[in-house]
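The structure appears below as structure tokens.
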């Protein structure tokens, strides 16, 4: 049985005062689902000390353990600050920083070497969706971004249709289910049924309280990677509660 996961990506938002939101989130985290918050790196240490039953993660890491990489952060540094997860290959990193699959793969290796669980993001643009290339794109991202040593403990996959992030547009549950089933099949084919069935697959694309229940009832959806709606407990807690209910 895969433990459901509600992951919040705060992106470039939040100060120390924002951590007050964790108190209500921690209460919701006492349910069946695991709750993860990925704040800016400046808040990881304080966040990990604030809420014991909420996991904390980074939003990116470098592929090297140390060195002359100004502005970057190593996986071991995230671990030392209290992180247990790290988001890798988010569409905003792939687009804004021109990250390729092999770059994400190197970062994943680094995360695993540091003892972090990698949340590897995959997803298609609107042009790719409309050109019927969704599964080809995602298949290539899965093959190129995930190293061979994947397990159900060190890997989470997040499907984020790029065209739905921050736009309010949400794929139909049939579209979400098709992609999640495809990801599951690819994981099983590459890593075997044991590992393939144990890796959690999250949906990330304009998840909110109003659509969470329907999304969580969709095939092979093990939780959500939530962006803006994870910044406030009033928005994120109903999503966590919907996931808790789906896990009962």
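Positions of Cβ are set from backbone N, Cα and C atoms, glycine also.
Quick look at what TrEMBL lists:
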| type | residues | note |
| --- | --- | --- |
| BINDING | 9, 10, 11, 166, 206, 227, 228 | substrate binding site |
| ACT_SITE | 90 | active site, electrophile |
| ACT_SITE | 160 | active site, proton acceptor |
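Of all the recorded positions listed here (11, 90), it is 11 whose C-beta has the fewest other C-beta atoms within 10 angstroms. Proximity note: of the listed recorded positions (10, 160, 166, 227, 228), 160 have a CA within 10 Å of the CA of residue 90 (active site, electrophile), given in sequence order. Of all the Cβ atoms in the protein chains shown, 18 others lie within 10 Å of the Cβ of residue 228 (substrate binding site). Of all the binding-site residues listed (166, 227), 227 sits in the most crowded Cβ setting, with the most other Cβ atoms within 10 Å. A separation of roughly 11 Å, to the nearest angstrom, links the Cα atoms of residue 166 (substrate binding site) and residue 160 (active site, proton acceptor). The number of other Cβ atoms within 10 Å of the Cβ belonging to residue 160 (active site, proton acceptor), over all protein chains shown, comes to 23.
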